[in-house]
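Undergrad: The following feature annotations were taken from Swiss-Prot:
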- 1-20: signal peptide (SIGNAL)
- 21: pyrrolidone carboxylic acid (MOD_RES)
- 48-104: disulfide bond (DISULFID)
- 118, 169, 178, 212: Ca(2+) binding site (BINDING)
- 157-171: disulfide bond (DISULFID)
- 206, 308, 343: chloride binding site (BINDING)
- 208: active site, nucleophile (ACT_SITE)
- 245: active site, proton donor (ACT_SITE)
- 310: site 'Transition state stabilizer' (SITE)
- 376-382: disulfide bond (DISULFID)
- 418-441: disulfide bond (DISULFID)
- 448-460: disulfide bond (DISULFID)
């Protein structure tokens, strides 16, 4: 009986930890993360204070913080090839990182770090030098900045069969030296690295290449981490939010279900299917059952996105900033529909897969610059600063804890729905106008469409909709309108 009680206690403790690791630790009613891809720490700090907090964002996913290899031309993916766990990259040093985390936490914006636990850098001719000046010999699996040596890695092999669990989890992903996370020493170095970031005030981690590590090894590492730092406003005993990159299109040998008990999982099927729908390859009417009926993870386990820094560079169904009208419609639906833990992308312009972030002649990352409307102009795309996207972050905050109701569609690509009595969204992806009296579910009054304009000093700069005492309003979205979506909510009442 004593043994049974002990086993039950340990089981319940593990379950409690895993549930805690699904909690993003957001402030108040905020509930959207933005990935400020390749931004400098000083620029993120200022963005938290001047833009993200006032617009109601909840958190920022930042690029990898640890020292990385220096590759010719400085492609973005060099950040995913670690040399050491020193906090020096082209985004800044440890002091600048700590200052950014503190300043963002002070205004209610949580920081989530993209962490690389699976591997170190790939082969390099001779001695490689990292962004902190540390030398390493990747071909010999020698990384004195940690230190790691050959005994800390799995034997070298190539992934040739993605249906072979051994290859997927113990061979080298695109030639990157594969760490042995079952080693007590390797575990201790990874835990030390993550705990240092927790001490500096981060709220959690995006775990890169999680499916290439055994779930039981990650469970040990996550369970050994410190609680979040109460000096940064986290409650006592709060656990870091974990969201894990697991690409699973179905029927995979290593599946997302092995990881979703440990934390949230990136729901790549969401990204692919929302792209299919808004590219016109699947009628929007089918989105009424969006979520688990589509084979997605449960809402609290799914990190959802229209695109991410990887798949936006691939050809296929995934939408990106280069198809702005469809992208804004898809993002509006993403943030309006009650499913998933939402993340929006903030990109830089790219012409090919390897395009580096905007940089000067000395290969220093440059700060984003803004026009009079607040949009980025110097190589940064900054989708999160598009009115149609940040306004939907406000919409998502306004309708939090409400359910979907009053779904309407025309049997094709025109849809609308309510979020309780607090919000209404309509989308037209047909080649003809949507002109219809629809139930908005809102209290009577005049509302500003936050897609086409903003509510400023009590006046709407875009379209407005008058809602009658029965909750109905006349909705018009022309097929040639600049945006194919309209959104109303209680905080945008004129």
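Note that the numbers count up from 1, one per residue, in the order the chain is shown.
The backbone N, Cα and C atoms fix where each Cβ goes, glycine too.
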Undergrad: Would you identify the secondary structure of residue 441 (disulfide bond) according to DSSP, in three states?
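TA: It is coil.
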Undergrad: Hey, how far is residue 245 (active site, proton donor) from residue 212 (Ca(2+) binding site), Cα to Cα, in Å?
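TA: Spelling it out, the Cα of residue 245 (active site, proton donor) and the Cα of residue 212 (Ca(2+) binding site) are 10 Å apart.
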Undergrad: Take the C-alpha atoms of residue 206 (chloride binding site) and residue 460 (disulfide bond) and report the distance between them in angstrom, rounded.
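TA: A Cα-Cα distance of 38 Å.
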Undergrad: Could you tell me the C-alpha distance between residue 343 (chloride binding site) and residue 382 (disulfide bond) in angstrom, no decimals?
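TA: Cα of residue 343 (chloride binding site) to Cα of residue 382 (disulfide bond) measures 14 Å after rounding.
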Undergrad: Enter the number of other CB atoms within 10 angstroms of the CB of residue 376 (disulfide bond).
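TA: Its Cβ has 21 other Cβ atoms within 10 Å.
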Undergrad: List the residues of the same chain that sit at least 6 positions away from the residue listed as 'active site, nucleophile' in sequence and have their Cβ under 8 Å from its Cβ, in sequence order, or write 'none'.
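TA: The list for the residue listed as 'active site, nucleophile' reads 64, 80, 114, 115, 116, 117, 118, 245, given in order along the sequence.
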Undergrad: Go through 178, 310, our recorded positions, and report the one whose Cβ sees the most other Cβ atoms within 10 Å.
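TA: Result for the most crowded candidate: 178.
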Undergrad: Select the closest residue to residue 157 (disulfide bond) from the following recorded positions, measuring between CA atoms: 21, 48, 441, 448.
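TA: Nearest by Cα distance to residue 157 (disulfide bond): 21.
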Undergrad: So what sits near residue 382 (disulfide bond) in its own chain, CB-to-CB under 8 Å and at least six residues off in sequence?
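TA: The answer is 346, 347, 368, 375, 376.
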Undergrad: Starting from the Ca(2+) site formed by 118, 169, 178, 212, give every other residue of that chain whose CB sits within 8 Å of the mean position of their CB atoms, in sequence order.
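TA: Sorted by sequence, the hits are 119, 154, 168, 170, 171, 172, 173, 179, 181, 209, 213.
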Undergrad: Tell me the Cβ neighbour count for residue 169 (Ca(2+) binding site), meaning other Cβ atoms within 10 Å of its Cβ, over all protein chains shown.
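TA: So the Cβ neighbour count for residue 169 (Ca(2+) binding site) comes to 21.
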Undergrad: Fewest neighbouring Cβ atoms within 10 Å: which of the disulfide-bonded residues 48, 104, 157?
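TA: Candidates: the disulfide-bonded residues 48, 104, 157. Fewest Cβ atoms within 10 Å: 157.
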Undergrad: What does DSSP assign residue 48 (disulfide bond), in three states?
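TA: DSSP call for residue 48 (disulfide bond): helix.
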Undergrad: According to DSSP, collapsed to three classes, what secondary structure does residue 343 (chloride binding site) have?
TA: strand
